[in-house]
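Peer 1: What TrEMBL records for 1-10 is compositional bias 'Gly residues'. Per TrEMBL, domain 'CTLH' is recorded for 132-191. Sequence annotations record features per position, and here TrEMBL assigns region 'Disordered' to 1-70. Per TrEMBL, repeat 'WD' is recorded for 330-364, 376-407, 588-620.
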Amino acid sequence: MQANGAGGGQQQQQQQPPQGPELGCLGAQNGEASAGTAAGEQLAHANGLLPSANSGGGSPGGLSVNNGVPAAGGPGTAAAELGGGGGSALKKKKRLSQSDEDVIRLIGQHLHGLGLNQTVDLLMQESGCRLEHPSATKFRNHVMEGEWDKAENDLNELKALVHSPHAIVRMKFLLLQQKYLEYLEDGKVLEALQVLRCELTPLKYNTERIHVLSGYLMCSHAEDLRAKAEWEGKGTASRSKLLDKLQTYLPPSVMLPPRRLQNLLRQAVELQRDRCLYHNTKLDSNLDSVSLLIDHVCSRGLRSVCDTLYMLQCLGIMRKQFPCYTQQILTEHCNEVWFCKFSNDGTKLATGSKDTTVIIWQVDPDTHQLKLLKTLEGHAYGVSYIAWSPDDNYLVACGPDDCSELWLWNVQTGELRTKMSQSHEDSLTSVAWNPDGKRFVTGGQRGQFYQCDLDGNLLDSWEGVRVQCLWCLSDGKTVLASDTHQRIRGYNFEDLTDRNIVQEDHPIMSFTISKNGRLALLNVATQGVHLWDLQDRVLVRKYQGVTQGFYTIHSCFGGHNEDFIASGSEDHKVYIWHKRSELPIAELTGHTRTVNCVSWNPQIPSMMASASDDGTVRIWGPAPFVDNQDIEEECSSMDS
């Protein structure tokens, strides 16, 4: 443990179903069946997506359904009602709410996508709803069949239903563009040229795109055209994509957006994952990878929520991802371990100790076990800070407050490239690499603040800054430095300007910056861990639980998307928080003295290291795998 001299809906009203051409569910016959024919006759396909087999009027012996509304048939009265007996009076069904109509339409769209058209017919018939406006149905069919003249005529019918006056022009442009490309692919160059000159150009829309389209006339063959136009070619695939674009210009009451139900479900799954405090896996937008039957649940261990074996299996997946279990204890250091840091590529770990050594460990990519790779010796005052170069080829080591030297090591060879010391009165306790990997900055609490090259040559200096911790931003110009005035300032070595960014009320013992440069994580004396937004310059959150006095403790971001925060503590524990939660989600025990530093592997989200005054480095990983039999036994023990 290092002593440090820094401190001594609005609710929406329910809408009535609209009247007129945009009606999604026909109110006059909502839930009521019209007079039909004898029971058991075949219903014609007319769910609003496929043309009715008897659209010309229907035969006396059959019941024709147009957009979900039963039409009058031949002789006979009420034998075809859905849910009523022959000759009995129809019972009025409860009027559907707007949300019920929306759900029915969404289900109908999804079933249609699966090819279950007869099921859609029956659903629309019984509910009295329709999937889309009849004009939209004609338009859809004509687009998919490549009947472009008829599709253009359909646009005139849709004009009254489109909110934006410019939408029809854009839709017509997209149609004609598809028509033009299909003519070119078929080798009908004259017809394509006619479309370009006499139909696309007069629209006076997107002339830049028209110039690009004209260049496709020079394509020598169909494959060349598809490659240059980044187009799937004539057929169902390209026409389906075209229809998806066209649907964006139509109100949802006229034509539903494509795959609307799947998109809503995907958004719900992503929202649950985003709110989950334990989730530590890469987000997968494929709905096939999750169950829609239960809410998303993550836990670092099994809890009393084992209603079903399936739930416990989901929890077991989480145990494979969250570092909550000691996988390995590294004991090669013979004194307090002050610092640890994974390399940027996640393949190595460097640890610095009071025993005057830096040990570099190799991470096995398969087993995630660490083995000693190199020992770098000769740091007379001990090693309290380590920084990897951006390409991981070099490593800089600093000592505690009374150390005036800095060591630059070649990681590959294990050779010392530079031992830098400007003055015996200096204190070089912190270092940060410039993103170009050719320069670094270093400094300490005695007023030194230097910028140097790889040979230790002094490039620039800033006088009178008592540095506690350093960080170089990705712009390659700005260096953040915490100082003895309980603040973090930004220093620009090019124009020699500086500005205040963070101001605390207590000493800032250390800090680290998120990958995107937006957030700063501070260990503040007697206060704990604070999260700051550097762009807005506001304190976002104070994390609870950790014991932080006037000793230097280094925290870190970690996990997928850096959703987690970890810190050591003077109470011998490692604390983990979700970035959005002030209360810890995990307290890891095992160390017997102060935990000085934690480092989360940037490439293996389930691996974390902690360094302690007890002389050990602990490697944390997922809890041991729990198979189905173990889960069943644990569930049984909870039930009993």
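Each residue, glycine too, has its Cβ placed from N, Cα and C.
How buried are the listed features, and what sits near them?
Peer 2: Note: the repeat 'WD' (330-364) comprises 0 helix, 19 strand, 16 coil (DSSP; helix = H, G, I, strand = E, B).
This prediction places the mean pLDDT of the repeat 'WD' (376-407) at 93.
Sorting each residue of the repeat 'WD' (588-620) by its DSSP state yields 0 helix, 16 strand, 17 coil.
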Peer 1: What does the DSSP secondary structure composition of the domain 'CTLH' (132-191) look like, as residue counts for helix, strand and coil?
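Peer 2: Within the domain 'CTLH' (132-191) the tally stands at 47 helix, 0 strand, 13 coil.
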Peer 1: With DSSP as the reference, give the number of residues of the repeat 'WD' (376-407) in helix, strand and coil.
Peer 2: 0 helix, 12 strand, 20 coil
